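Structure first, then comments.
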């Protein structure tokens, strides 16, 4: 029976076209251009484009919806601000709900690439729904599906990046990823507004379909390093914690108690056997990694930083376009141009990541959150239709964007560092680790949930504060949140600040 099975598998492999075997990466021959397709640069570039695509499709409707929702969905003008905030927040809510599921499945999946391809199908479906949607219900369904796709892209993509890049260079790499995120999130309103004004609603989604086509090609070409190792053993990704663990570092007081001390063994003599003391099984060790990681204050501080950063970024998505239209009487193109000063500083993210890798990310994140406070507070002074106020608004957005760009790369690198450090401590204490798949995907699921929570809270918070209390109140609330966040970043990022090293 086994011989027959092997024969049938061989015959099926022969019957399978070579191009299909190469596409599924299951053939006996190595895929074409294997070294390039499994290289660190190609993998990071593909993940960065996937993040860019996701954020582009998230934000492309920001300047379009306030104008299109009245003509296509027949929403009353007085309800436009509320519906814009709701549609932006639904994406965050869906991302929040699907992230832990994607993280749990990704750490148990044999391939990250197949999950990324599944995310593309969901993203394509959401884009079609948003394109043809002529009612609020269809638009909501499109945003829900878009959030589910983003959960796959972010969780699996970040975990794939952590699998590929060593921890000591991960913040630099995260800087390139944050460039893709910032460009997608902040260039999409700009291009969406310009294209909508000049070519209409369908042309906006024409850009989206073209970008999806490029993304599909790159994700099909990608070869994970652990898959490439089947044909090229020299291909090495990031080693697992157990494989990279220094045996000298795994001996702690718990482990030592199970063995007699070497000094007690006398030459020619014997030592009475010491009874083994069983390790105390903590409840957190029996929890899934996605919950066990939450016992770390360092992880909680990182998640809070990610949450507040998302709140600040997405707050402008629901209020900036409308505020510019009300104060300066700009159309969607003019309002969308205001996102350009925010996006330009994101090109410096790889530099901040490199500096964080070299000197540690704690103080860069603290400076980022504290430095964002003054420009956020000063947004309250933009309240008249004058050239001075227009220049002031652009300057404040640029300075605020500069400090916000400092934060993301070190925070993203900190997530995997916490997961790795926690597993090392577990193994050092003689406790089981997170398993053969590790916990990077589940750690980044938590990051996604925090960021998604910010994406959900940010537009609602800013939108309803502006509607109830005004633009000035919204400005100082965001500044206050940014300033408060600097404290946990100082205390816990990179470990407890007062811990002796």
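Keep in mind that glycine also has a Cβ here, set from the backbone N, Cα and C atoms.
TrEMBL entries are annotated by machine, without manual review.
Per TrEMBL, these features apply:
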COMPBIAS  1-13  compositional bias 'Basic residues'
COMPBIAS  241-253  compositional bias 'Polar residues'
DOMAIN    43-501  domain 'Major facilitator superfamily (MFS) profile'
REGION    1-26  region 'Disordered'
REGION    239-275  region 'Disordered'
TRANSMEM  41-69  transmembrane segment
TRANSMEM  81-105  transmembrane segment
TRANSMEM  117-138  transmembrane segment
TRANSMEM  144-162  transmembrane segment
TRANSMEM  174-191  transmembrane segment
TRANSMEM  203-222  transmembrane segment
TRANSMEM  290-313  transmembrane segment
TRANSMEM  333-355  transmembrane segment
TRANSMEM  362-382  transmembrane segment
TRANSMEM  394-418  transmembrane segment
TRANSMEM  439-462  transmembrane segment
TRANSMEM  474-498  transmembrane segment
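Averaged across the domain 'Major facilitator superfamily (MFS) profile' (43-501), pLDDT for the predicted model comes to 79. Packing against the transmembrane segment (41-69) from elsewhere in the chain are residues 75, 80-81, 83-84, 87-88, 91, 116, 119, 123, 126-127, 130, 136, 139, 146, 149-150, 153-154, 157-158, 160-161, 164-165, 173, 176-177, 179-193, 196, 201, 204, 207-208, 211-212, 214-215, 218-219, 221-222, 224-225, 317-318, 321-322, 325, 332, 335-336: each is 6 or more residues past its ends and has a CB under 8 Å from a CB in it.
The stretches the transmembrane segment (290-313) and the transmembrane segment (117-138) are not in mutual contact, being linked by fewer than three Cβ pairs under 8 Å (pairs 6 or more apart in sequence). Counting residues 6+ beyond its ends, the transmembrane segment (203-222) has Cβ neighbours under 8 Å at 23, 37, 42-43, 45-46, 49-50, 53, 56-57, 60-61, 64, 113, 116-117, 120, 123-124, 127, 130-131, 191-192, 195-196 in the same chain. Long-range contacts of the transmembrane segment (333-355) within its own chain (CB-CB distance under 8 A, at least 6 residues past either end) are made by residues 62-63, 171-176, 178-179, 182-183, 185-187, 189-194, 197-198, 316, 320-322, 324-325, 364, 393-395, 397-398, 400-402, 404-406, 408-410, 413. Highest Cβ contact count with the transmembrane segment (439-462) among the listed stretches 81-105, 117-138, 144-162, 174-191 falls to 81-105 (criterion: pairs under 8 Å).
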